[in-house]
Amino acid sequence: MLRNGLQSNINLLTKFIVTSCSTPFAGTKHGRRVFDSHTHIADTFLCNSMIKAYSDNNQFSESITLYRDLCRNEKCGLGFSPDTYTYPFLFKACWSSLAFKEGYQLHSQVLKMGLCYDVFVSTTLVDMYVKFGNIVSGSKLFDEMPEKSEVCCTALIVGYARSGDMGMSRKLFDGMFEKDSVAFNAIIDGYVKEGNVVLARELFDRMPERNVVSWTTLISGYCKNGDLAAARSLFDAMPEKNLVSWNTIIGGYCQNKKPHEAMELFRKMQSSSSFEPDEVTIVSILPAVADLGALDFGGWVHEYVRRKKLDRANNVCTALLDMYAKCGEILKAKQLFDSSFEIETTTWNAMINGFAVNGCGKEALELFLEMLKEGHKPNGITMIGVLCACNHGGLVEDGRKWFKAMKGFGITPGIEHYGCMVDILGRAGYLKEAEELIKSMPYEVNGIILSSFLFSCGCHRDVTRAEKVMRSAFKMEPWNDGNYVMMRNLYARERRWRDVEEVKGLMRKNRAKREVGCSVIEVDSTISEFVAGERVHPQLKVINRVLRQLQLQIEREYEEFKIRINALVAKALKVPPGGWIMQDGTPWPGNNTRDHPGMIQVFLGHSGGHDTEGNELPRLVYVSREKRPGFHHHKKVGAMNALIRVSAVLTNAPFILNLDCNHYINNSKAAREAMCFLMDPQIGRKVCYVQFPQRFDGIDRNDRYANRNTVFFDINMKGLDGIQGLVYVGTGCVFRRQALYGYEPPKGPKPPKMVSCDCCPCFGRRKKLKYSKHFTGGTDVNGNAPGLDDDKELMMSQMNFEKRFGQSAAFVTSTLMEQGGVPPSSSPAALLKEAIHVISCGYEDKTEWGTKVRITRLKSCPCYM
């Protein structure tokens, strides 16, 4: 154009600017440069084209600014005169950017110029007021129009529908002479949003022509109304589907907790259509993946998102994070959170809630504080996650603190926040405070809060409060089986069998059936759901046959493994013939030639094993012993005493962790907190053992793991001393080794006064031993305490110890070493040989083992140390 001198041709110049602005590579910048170089022309058609280009590219503020500049500049003002094509683009820019002030100014200019009677201008002006939410002004303008267009009437129908006035919307619709599909879709959408699907379906059936929008709108209405059968029937009957239709039906299944059907439709969309999942599809399907725990499929979705570069969208990243958190992969969720391109409030909320539902209360609160530090303002969803984190972590004081702090963030506590707070207080045993909070709520109590409080009353066996809540809960939710089950169990614990039968009768009368839990498994991208004792699964015969094959395979592998282990043990049994006699040639007392000697195999080597970083691993020792009914070794407690002696000879660690037969602690803090007590530099040496309650709910009626006391541990971090008396927990108890031998704690100078830290270690009381106060210092290799006079050495002679601990010099020496460890001069082979001797049943004959020195038989005795 420049070479041929055509730059002054308005038609060519306008087409060039429009084309350059519509090209994705050039954008509006190049077009604006060309436009600015020809402002002396100031043609209205050319200016309108530039304003429209900005509006079409969603650069609405630039569109309004250009109009102002054109009107303000004298050179342009002489040639530029806005016409009926100028203002519709500007009105669109105003409602799209919510520029209320500029919109009103443009309306006044239209009135001054006399353009308000133009159908195109008046229609877009009415549409602007409707989208501003000013339906009154829009309606007034519509009534003043000399010629009412169908487009303008449709805009008003949409406006009244959005404001909730379906009466006026329907009145306008019925008054239209010619109703097109846009008008039908507008009124149908209004009824759908109001929840009146019946009237929406009537209008849908009356439509002369239906398009994809009509079908999709009604499908969305059925999904919101919970009628998925009608939605699916309508979807299957659609003559033509688009990606929005697929997204609507998939999202409808997810919102109505039908994850299987959502996954089925997602796969069908990929296999039977040409549509590829977009951001909306991914955000719709991921909740279904989370509900099913289908991590393999979730991983495939994540890889698809990366491949299509959809992970830059914040809503997709948040949905993925939420999916991983709900599937229990909290580390993957945190990695995704850390690698997010832009972290918005929704992303913070998803990560905080993810930590909360996975029991990571402290991590959730730390992340919340980090969120505040970075300047992000929390909202109501954020505070729900914070309160849930306090609830799962038993952090009552933190819960109170952040609940009170909500008003400082400009958040009015909703009924969900009150429900979380009631649950926090109730689970912690603050039933009175929870009850008062319910009464002081500015909302009407709902069934969820009543059920939560009823559960808390049941856990803490407060029958009086539970009965009060029960009446309201049964009346509000007669179908909720959980309330009946809680009251029935509470009455059963109190042995009120008549009340139990009464609750069962109410349950039958109200037809409240207990929901059956199910298990979900994903195999080869196929999700299968199972119920305990199910006999109606379509593949039940195949499943039973496979389970039987797996059972036989496990049994076969177990037998093979058993043979390998026995061979290893037999190898360890090969002890020298002298293993049955002492160093002086006399047989070990109590040994029976018909018994096999103790079997010990050190799997990690005599010097211990090391991990990849060079840290020493615990010694792994396999021990087997005879179990003769005539000896107390026949009981589990006998095994514990034998293990004490073996570990003393081989490693002699100063502390012993006592585990149940499954080698399991269901309270991750127990061991760590116990060591904090035992290694305390001031009071640690006086502590015999420390134990904390576990979380094995419903295992037995005797509460051998002190589950009812978990709340004391979660809140105050205390032991069990003084709570319902001294109770021995079946697992996770940490002992000081010397306390098991009957030694008293050392008597030293009075420690300085300490500030109370609300810690209650469990002090074991043992019978005072004669001479025990002399045995608290270190010993030499031979077991002799240095610095003692001849009389004390005589009292500490080997004969005195034989009566108490037996005839093993190595074991006696180990009992005197308060800090643990084995003599450096001892060889591993000699220690192993000595350990085989001390494990035998007869070793305890004519000693104080079983009376003064040993772990006595308790109500629940673990068998591993």
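Every residue gets a Cβ built from N, Cα and C, even glycine.
Note on the repeat 'PPR' (180-210): residues 150-151, 153-154, 157-158, 160-162, 164, 166, 169-170, 173, 217-218, 220-222, 224-225, 227 of its chain, located 6 or more positions outside it, place their CB under 8 angstroms from a CB of the stretch. The repeat 'PPR' feature in TrEMBL is assigned to 180-210 (among others).
Here TrEMBL flags 211-245 (among others) as repeat 'PPR'. Remote same-chain residues near the repeat 'PPR' (211-245) are listed as 181, 184-185, 188-189, 191-192, 195, 197, 200-201, 204, 251-253, 255-256, 258, 261, 273, 275, 278, 280-281 (criterion: CB distance under 8 Å, separation of at least six residues from the stretch ends).
Among residues of the same chain six or more beyond the repeat 'PPR' (344-378), those with a C-beta under 8 A of the stretch's C-beta atoms are 314-315, 317-318, 321-322, 324-326, 328, 330, 333-334, 337, 384-386, 388-395, 398, 409-411. According to TrEMBL, the feature repeat 'PPR' maps to 344-378 (among others).
Residues or ranges marked as UDP-alpha-D-glucose binding site by TrEMBL: LYS635.
Annotation source TrEMBL lists Mn(2+) binding site at LYS636, ASP660.
Secondary structure of the repeat 'PPR' (180-210) per DSSP (helix as H, G, I; strand as E, B; remaining residues coil): 24 helix, 0 strand, 7 coil.
Taking the Cβ of ASP660 (Mn(2+) binding site) as centre and 10 Å as the limit, one finds 23 other Cβ atoms among all the protein chains shown. Helix, strand and coil content of the repeat 'PPR' (211-245), in residues and according to DSSP, is 27 helix, 0 strand, 8 coil.
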